[in-house]
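Novice: Reproduced below are the annotations present in TrEMBL:
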DOMAIN    B:154-382  domain 'ABC transmembrane type-2'
TRANSMEM  B:21-46  transmembrane segment
TRANSMEM  B:187-212  transmembrane segment
TRANSMEM  B:233-257  transmembrane segment
TRANSMEM  B:269-293  transmembrane segment
TRANSMEM  B:300-319  transmembrane segment
TRANSMEM  B:356-377  transmembrane segment
């Protein structure tokens, strides 16, 4: 590999990028803007679930019970409704996502010391939201029962309410949320957004690098030049790696400065690992560019192999162990999962090289493999 | 306009549409990827990805080793929890959590059973890896239910209240019913969401790329000196893409989602395909708008990410709109996907009637007219 020839290719590519002012601007604006939009908007916290209540009983007990939901910050009360038919229509139109139906004689039964049944309807269109909503309902319901039972016990045994409460709640669950003490979703999200954005944006930067020259015919200059395959590919990749490295810095600053994500690990290690990751993701774009014949195909292929896997198979929303076997295989085949371990490790866990070197090694291997495949697929003589 | 004019007009449209189809069919790589996206990609997402707490890797430090501790641990079960074995020390637990090999640890104190039997309060420690805040929250809420239920039974038994039988006490039983997806089958949600994602990616990218390609190669000049109106140049591109996307959607519904995952498709499928066509037109308008801003495909690539990524992840399938800041929620009213999500889930899962969907359809129509009209206006001004 001749360094001068790599430099020449890289310089030519760099000039082309810089001259295209809109493209050059977008190369920096797109990642930063995505970070801002997702950072503020991509909250997975399920709160303020719109809820309606049908109260067939109209007793003191039923109103007390309803108020537990109306007062809760997990639900946004949309009003009392007269009957179940009306609820159905509201659920269908997504006007509400959950509903409580309190039966007649609810209060009477409770006063007579009997159990009573309440029904909750949950919109299951989005299963994970439905599960969370059900969880809230169960928790509020359990709290109501504990209050009732504690009062009962206090009367029956002649003890104080606090004592009675302790008797029916003998076991406390003390939860410690590691790495993210306040369970703020933005803390755990911001580092992973780095991963997602650096998976989406760099491949699009590179995807057209080679195929554009193929379509315009300027690739023939390369075919007839003394530059070797490896030199050409390295030179093509270099400017995009530089741009993406600057983006790493910008995104890191936004995550730490704007979203207050804690960064506990080694900065140097993180930047080195990020650089390798960016070589991987720009490499994906370059490989696509070598493999296809038209720019349109290059863009579609890049979109399909990056945008969707960046979210589904990377561990940003779904932890890898919860994936099915095939999905786990895909996850292991992509660089995103390994980098997720690194960002989470460096930001939230404060672990460093000693724990994360295997992931970094895989990324390095990945970059090498990508470059080798690109090298093998790129021929200086087009098949005609 | 005479009948002769209409004849010429439609013949021109026909010829141009045919040209677009030919161009598409000749790009083999592109076709393969379109086929992949509508079949294998959707199958993988639906079969392998779940957003629920699933088999959370749990490690246990049982310092009591009593009947009570075993009874409690026995309640941490699949599908939510999976006990992976015992820990020798809390340090080992910390290490497993750091390395991501365990998601949570439970720590039962010595004398747990002893304390329970003597009516003394006791506590269980639980450490959760909260790097994924949603799952961390779900894990703690399920654990709280388990421990609360266990404690209540033990407490009532201890207090001698009705022999610990809950049904004889004035408790409220809350029965949840989940509508539309009673088993919270993630495959339905993931499958439909993935289909919408793929449709959206193609609907924005394909027409934008087709348009810019003509610009880049200078063929648009040829088209403009021909007797074709801007509309006749633009619209056939959208028609051909719409046909391809509709065929792909049909494939994924009838060949993947319905046979492999028993997607109920409760509403009218005719309406679904009709509205999908409308959605593709609307979204294509966004792509065409991007195409008028860009001079080459590289620019279009970056611009479409800027449009696609927020659209896909903030329109309401992944993140509950209730949890988004108001300004962002308002912004999503201009995302066609925001309406299409309601339509697609309404027709495929809820079995809503067209009449019930009318406001949503109206919103999308209005948006489509504005977006498409604006795209055409920009195109006219650039080339008219």
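Just so you know, the numbers here start at 1 and follow the chain as drawn.
Each residue, glycine too, has its Cβ placed from N, Cα and C.
Surface or core, plus neighbours and distances: that's what I need for these features.
Specialist: Tertiary proximity for the transmembrane segment (B:21-46) is limited to same-chain residues at least six positions away from its ends with a CB under 8 Å from its CB atoms, namely 187-188, 190-191, 193-195, 198, 201-202, 210, 240, 243-244, 248-249, 251-252, 255-257, 260-261.
Same-chain residues lying 6 or more positions outside the transmembrane segment (B:187-212) and placing a CB less than 8 Å from one of its CB atoms are 20, 23, 34, 37-38, 41-42, 45-47, 49-51, 181, 220, 234, 237-238, 241, 244-245, 248-249, 252-253, 256-257, 261, 263-264, 276, 279-280, 283-284, 286-288, 290-292, 294-297, 299-300, 303-304, 307-308, 311-312, 317-318, 337, 340-341, 344-345, 348-349.
Long-range Cβ contacts of the transmembrane segment (B:233-257) within its own chain (Cβ-Cβ under 8 Å, at least 6 residues beyond either end) map to 13, 16-17, 19-21, 24, 34-35, 37-39, 42-43, 46, 191-192, 195, 198-199, 202-203, 206-207, 210-211, 214, 220, 223-224, 263, 265, 269, 273, 276-277, 280-281, 284, 288, 375-376, 379.
Same-chain residues lying 6+ beyond the ends of the transmembrane segment (B:269-293) with a Cβ under 8 Å from its Cβ atoms: 199-200, 203-209, 211-212, 215, 234, 237-238, 241-242, 245-246, 249-250, 253, 299-300, 303-304, 307, 336-337, 339-340, 343-344, 347-348, 354, 361, 364-365, 367-368, 371-376, 378-379, 382.
Sequence-distant contacts of the transmembrane segment (B:300-319), counting only residues of its own chain at least 6 positions beyond either end whose CB sits under 8 Å from a CB of the stretch, comprise 193, 196-197, 200-201, 204-205, 208-209, 212, 286-287, 290-291, 293-294, 328, 332, 335-338, 341.
Sequence-remote contacts of a segment are chain residues at least 6 beyond its ends whose Cβ falls under 8 Å from one of its Cβ atoms, and for the transmembrane segment (B:356-377) they are 230-231, 234, 275, 278-279, 281-282, 284-286, 288-289, 291-292, 333-334, 336, 339-340, 342-343, 346-347.
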